[in-house]
Amino acid sequence: MLLYRKTDKKSNKSIIRLDFSKLEGVFMDYKSLYEGKDFGIIKFNEKLKNYTNFGIGGCADVLVEVEDEYQLVDLIKFSKANNIKTTIIGNGTNILVTDKGIRGCVIIISKNYNRISVDGNLLKVSAGALLSEASKFSFKNSLTGMEEVSGIPGTVGGAVAMNAGAYGVEMKDIIKSVKLISRDGQIIELSNQDMDFSYRHSKVFDDDLIVSEAIFELKEGNQEEINEKYNDFTNRRVTKQPLEKKSAGSTFKRPVGSYASKLIDECGLRGYKKGDCQVSEKHCGFLINNGDATYNEMIDFIEEVASIVFEKTGFKLEREVKVIGEK
């Protein structure tokens with residue numbers, strides 16, 4: 001409630017107060033602020049379910065699809081100057097947005113922010129490029145090192161931020177340096193070591209930074225061997241993962257000493273469903289939305305699966321999917 005009554009303990013009188021923290025998005029005229037600005041593609045009251053693989057989520061007050069670093073920096077500075085919160089989304093592959101949506105400005109760093117170039121064994125990639133496309137570009141230039149991660153859904157920016165990995169290779173193993181933007185619009189360049197990479201984590205989360213560009217340090221390889229390796233990993237994903245379903249990929253982080261999918265399967269939860277929420281029959285590490293599941297339904301389902309696993313095995317599953325938005 002915006003308006004609430006509180007009793008003063010000393011005078012025992014009732015005081016009417018207005019909670020201004022709830023006013024953002026109610027009286028803020030985002031259209032007059034953002035419309036006509038050269039920040040990229042600007043939309044208002046946009047449904048975020050259309051920007052996430054889960055297909056779940058309420059609206060953004062304003063949503064901007066930026067096309068380059070200049071627009072991103074200007075947008076960050078403009079929003080801060082107007083005291084408007086900014087939230088960064090890439091390809092929406094590893095997030096679960098609440099049904100109440102996201103207040104302020106949602107910035108999409110995706111398909112339009114996708115420049116890729118190569119210089120010797122160095123691959124320079126803008127944050128919005130899909131990791132799969134960056135990988136294919138490296139293969140065409142006879143560079144090896146990205147075969148294992150080539151099927152990870154999502155953008156390079158998102159992959160770098162969370163130190164994504166697959167089949168034993170993580171971003172920390174192939175990144176040389178990263179260009180980042182601070183929340184006040186300053187550009188920062190950090191080496192691999194300075195990124196403080198760890199399992200599904202990096203300095204991006206610690207310092208609330210935004211990935212703008214990454215440079216991968218790869219190795220020259222044999223084209224035929226690269227293609228063979230790439231095809232092998234692609235076939236594994238297609239046959240073992242529910243790529244055609246609405247999901248956020250691996251729902252849980254890998255617990256020490258086991259695997260989330262193995263534990264879920266051993267608890268008899270393969271195919272377990274509740275409403276439109278289901279544990280994938282193809283891969284138990286994937287929790288999927290079979291239709292129009294809401295945020296509350298999905299988060300309750302995720303917590304239920306984790307609770308059952310803990311009760312039966314003693315392993316505590318930690319969510320890998322990031323929850324964002326108003327609760």
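Using the three backbone atoms N, Cα and C, a Cβ is placed for every residue, glycine included.
Noted in TrEMBL for the protein shown:
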DOMAIN    56-221  domain 'FAD-binding PCMH-type'
ACT_SITE  ARG200  active site
ACT_SITE  SER250  active site, proton donor
ACT_SITE  GLU320  active site
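Within the model, the domain 'FAD-binding PCMH-type' (56-221) carries an average pLDDT of 97. In the three-state DSSP classification, GLU320 (active site) falls within coil. Here the Cβ of GLU320 (active site) has 19 other Cβ atoms within 10 Å, regardless of which shown protein chain they belong to. When secondary structure is read from DSSP and collapsed to three states, the residue listed as 'active site, proton donor' falls in the strand class.
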